[in-house]
Amino acid sequence: MEGISNFKTPSKLSEKKKSVLCSTPTINIPASPFMQKLGFGTGVNVYLMKRSPRGLSHSPWAVKKINPICNDHYRSVYQKRLMDEAKILKSLHHPNIVGYRAFTEANDGSLCLAMEYGGEKSLNDLIEERYKASQDPFPAAIILKVALNMARGLKYLHQEKKLLHGDIKSSNVVIKGDFETIKICDVGVSLPLDENMTVTDPEACYIGTEPWKPKEAVEENGVITDKADIFAFGLTLWEMMTLSIPHINLSNDDDDEDKTFDESDFDDEAYYAALGTRPPINMEELDESYQKVIELFSVCTNEDPKDRPSAAHIVEALETDV
């Protein structure tokens, strides 16, 4: 993947952009203020586009747009990433991966990626809601259901499409209703895998999100394989058990439940030392029903990638139980 310095603000529509847009029929996408904001990510916002022309009922879309406050330097980077995501997403067809709908320009001239509306909230939204309500961890059965659906999506990406997702975490999983559907989203930083499930392209760069990175992505010259997604998958299960972000301890005083987070309490050295390792679990908070979840989390977060299961093995192990 090219470095940021190699990108320049385009003065006119690039040939790559033209080729992607030409394959998309003309679609009237409203300006951002006229759509409900669903969420946001690095450099982008996601909106809900309701489609019911002339009284007809159409399924809504989720529309991803570049954040308007981005400066020109970063805008070109995010535009390329959005175009890459559109190209990849258009080739994917799986019930556990958010579907492609269109790639076009909105009425305000901004680039838009229209996707299947996978659900009202991300898994991260549900985790935060549960944490703020001081609720218990998600039931083991729900965690295993999420695990199976995510693993099916990853199996498809790894085996059939030879793609590493590259940024698995709770905020990149969308949920509809009461876990009626579970879909992986945000394939904008995906990387090609070779026949050995390894990222060998010298131009490819693993992006990920820091707390979910495996050891091989933290270390210099680490070899990235499909097992990088598996490590992050394991930490996503950990999120559902702990209602926390990996390696972020908001309070060092377990006896003071009302203690609020103070940046001065954050231990940078301990945080960076913990990256790529398996975070601890308070076993006293989890009953015996979580045994299979804990076992799956543990094997997926082994530091040596060779000791982690493939997505296909996870699917095989879970399909008989969920």
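Residue numbers in this text run from 1 along the chain shown.
Cβ from N, Cα, C; glycine included.
Residues annotated as N-acetylmethionine in Swiss-Prot: Met1.
The feature phosphothreonine is assigned by Swiss-Prot to Thr9 (among others), with a large-scale study or a structure entry given as support.
According to Swiss-Prot, the phosphothreonine annotation covers Thr24 (among others).
Annotated domain 'Protein kinase' per Swiss-Prot: 32-322, in sequence order, evidence recorded as sequence analysis.
Annotated ATP binding site per Swiss-Prot: Leu38, Gly39, Phe40, Gly41, Thr42, Gly43, Val44, Asn45, Val46, Lys64, in sequence order.
According to Swiss-Prot, the active site, proton acceptor annotation covers Asp167, on the basis of sequence analysis. Around Asp167 (active site, proton acceptor), a 10 Å sphere centred on its CB holds 25 further CB atoms from the protein chains shown.
DSSP assigns Lys169 (SUMO2 cross-link) to coil, not to a helix or a strand. Here the Cβ of Lys169 (SUMO2 cross-link) has 22 other Cβ atoms within 10 Å, regardless of which shown protein chain they belong to. Per Swiss-Prot, the feature SUMO2 cross-link maps to Lys169; the stated evidence is a large-scale study or a structure entry.
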